[in-house]
Amino acid sequence: MDNTVGLILVLVIPLTLLVTQSVVGHVPEKRSSGARDWGPWTGWSACSQSCGYGTAYRIRQCHAHHSRHNNSTTCQGPSKQFKLCIMQNCTDALTDYRAIECAKHNKVYYGGQTFSWVPYINSMSPCELSCKSVGFEYYARFQKTVADFVICNAENTAVCIRGRCVKSGCDGILDSETQVDRCGVCGGDGTACRLIRGIFTRMHLAHQGYNVITTIPAGACSINITEMGRSSNHLALSTSSGYFLNGDMKLQQEGEIKGAGTTFTYNRSTSQNCPGECLLAAGPLNTSLRVELLYFGRNPGIYYDFTVPRGDTYNFMNSLSSLHNRGSSFNVPHPSGRDTEERQKLRSAVQHQPPGRSGPLHNSLANSLQKQQGGSRSTADTYSERHYNGYDNILNSHNPDHNLYSWRISGFTACSESCGGGLQDTRIVCVKRDSQVEVMEENCIQNIKPESTTITCNNQPCQAKWDISEWDACSVTCSRGLQQRSVECKQRISPTLTLSVSPSACTQPQPQTRQFCQLDPCFTWQTSGWSKCSSVCGFGQRTRTISCVNSTGHSVSESLCSQIKPMTEEICDMGSCAQGWFHSKWSEECSSECGKGYYTRQVFCSAADGARLDEKKCGGKKSKPKEHKMCRNTKPCGGQWFTGSWSQCNMTCGLNGYHHRDVLCIKHHGKTIRQIVKDHNCIQEEKPLDTKPCGPFPACKPQWFVMSWSECSKSCDTGVKTREVKCLNATLSPSPDCDKKLKPSRRQPCNTQSCQENHTPISESPDTATHEAFQMDGLVSTEEHPLCKDHQSPWWCQLTKQARLCNYPHYRKLCCHTCQKIDVKHH
């Protein structure tokens, strides 16, 4: 938010409605009878807030009397007006309405934990109270609508009125349609500036890399830079501080690019209005902008236009002289009448629309160019580099008196020949009468311009040089022959006289007059195509016919062909007869963008040399290797992490203790059904920790460790079972410090029943533990246990049941009563 004090957005509110179509603006001098019935407006009240955004109001009284016939009031319009007052920034973040309302939910538990909430404006419903959790990707709507006059967009140019986001025009008036014109003036008519247009049409530039197209001055508005076709080139922007678009040979993404005090919209997508790359900006620029082309190949043309304030037009034109004349000077008369040194003018050279272009942009350019070629003047102020340099009526509008200028001869054009007589024309230019400084031709009267005169130039004879004709045809129609050409030393005396002189007059070495020519042989071997191989696999034989033919293709005696006769038969290798399955590598990317997908590969039946065979030769589809295999994309498919409570520390002594909790990925199906899914459905980087250290605790005392009991030595009549017992310390090393009184026994009787009694021995489990009457992680009885209670809120336990978490001991213990109902139904 800017620190501007007193920026006003005015809203008109009648007595019965909150918002009407009326807006506060300029009051005309003539008022209707209804308007005259109103008294004057009072002054604005104080702003309701000392910082940030608030409201102020003013009122007026109706002085008209009620009509006795229809009981209506003649006063028309609102009696009370509101405006949005924007004061200085608030130092306390919680003075913002949305921030205060969101913070009220910071102590409310959601899913067993609290969150810190901050304001979030939902672009789809900007007047609802939406909040975002800090550190989590959770969004919540806590109110359907916010209070009136609360800001509802990121630009701070709209407020909420009864749930509707009311925007303002550039004049700050709500529901106003006033816009910024091309000159950057709010509500202007476009006359405060000059439109500058141009086309950079040089197709082939001197070097690859950055090439300057033009410079746009500070203060320019409504900037449009458009490439007139697709190419391998890229637009670049820079200021005196360096590049901020596509600099240092690094390309940037499409979107909004900030620089030179404004924001440019950069587009590289081809469309009817953007044939190549495009740049648009509202402006104004706070510094001069250099437009460059990162050149790699043919330039299809760069169209550009922008506006400059009328008072800065001449300064801008003078600043272009060094760019457009490449070192030569360029003069633009100043309104004050003071002229700089004589400079060469830019010629007006209008060019037709490039072939193959279409669309509104190019059609408008073509119409503009055709008008100028027909002698009419464009309504826009235009300039361009090289091919399109029309300044229209910029200078004539400042200098309407043509008597200040006159035509005069200023030298000659370049001679058409360097020697032997050429032609050149007189150069007619427009000059200022008092200083004889050359100016643009538009300042002089066109219909009294003198005709150019053509004269001869460079009449001295040229140096003698070799005149070379084309090579004659070869002396033979086949095989090897000779060809000749004429080489003569000649000297140009005049345009109509060229003399043959002595070869000694030509200083360069004389070119050759004869050379050998090699044509096709007169008799050649003609071969047919090879026959099929005699074998379908392995080695075989194939043949062809050979005949000697003349240049017309007729067969002749083989003795006339001097070349070595080609082979009529050869061994052919059809590859191994053994078949097998061949396959390519698995594809690098999974078929699914999230969650489960497949890798694919090509599998085909082939011989050992790679020749493709019918799949039946390799055993058919039953033996064919798989063409798909499962893969999982790291991108999740919409799950959310759900965490349980931390367990108690697993140790009471030592250094390696830890707490544990369940962390599950849960996916929502509709509004009420939740399902546990695999972890890849959630964002792995956001997975909460499932363990955390606890302690440190005092070092653990040594304790007794035992092994499992061995098998009983007898199956009846009392046997013995044994086990190993050791005293180990905290590092699991032997220790002598265990309490001897607590040492477990190493031997124990077993199978004490008599062998003569007729019953089956009972195998006693050495590790049998005493089960409690109520077991949390097993099946429960249908009778409710008195200790089975919910230790969390009913809402939280209901969510646990819906998410099918009762199968997990931790959640079953926390929500025992709720989870027991599920088992009762199942029994």
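The chain as shown is numbered from 1 upward.
Including glycine, each Cβ sits where the backbone N, Cα and C put it.
Unlike curated entries, TrEMBL annotations are predicted automatically.
If you go by TrEMBL, CYS51 shares a disulfide bond with CYS90, out of CYS62, CYS75, CYS85, CYS90.
Of the listed residues CYS85, CYS102, CYS127, CYS85 is the one TrEMBL pairs with CYS47, by disulfide bond. Only one of CYS62, CYS102 is recorded by TrEMBL as the disulfide partner of CYS75: CYS62.
Here the disulfide-bonded residues are CYS51, CYS62, CYS85, CYS90, and the one with the most other Cβ atoms within 10 Å of its Cβ is CYS85. Taking the Cα atom of each, CYS51 (disulfide bond) and CYS85 (disulfide bond) are about 9 angstrom apart. Counting every protein chain shown, 19 other Cβ atoms lie within 10 Å of the Cβ of CYS47 (disulfide bond). Checked against CYS90 (disulfide bond), the disulfide-bonded residues CYS47, CYS62, CYS75 differ in C-alpha distance, with CYS47 being the nearest.
Helix, strand and coil residue tallies for the domain 'PLAC' (784-823), in that order: 23 helix, 2 strand, 15 coil [DSSP].
Summarising the environment of CYS75 (disulfide bond), the number of other Cβ atoms within 10 Å of its Cβ, over all protein chains shown, is 19.
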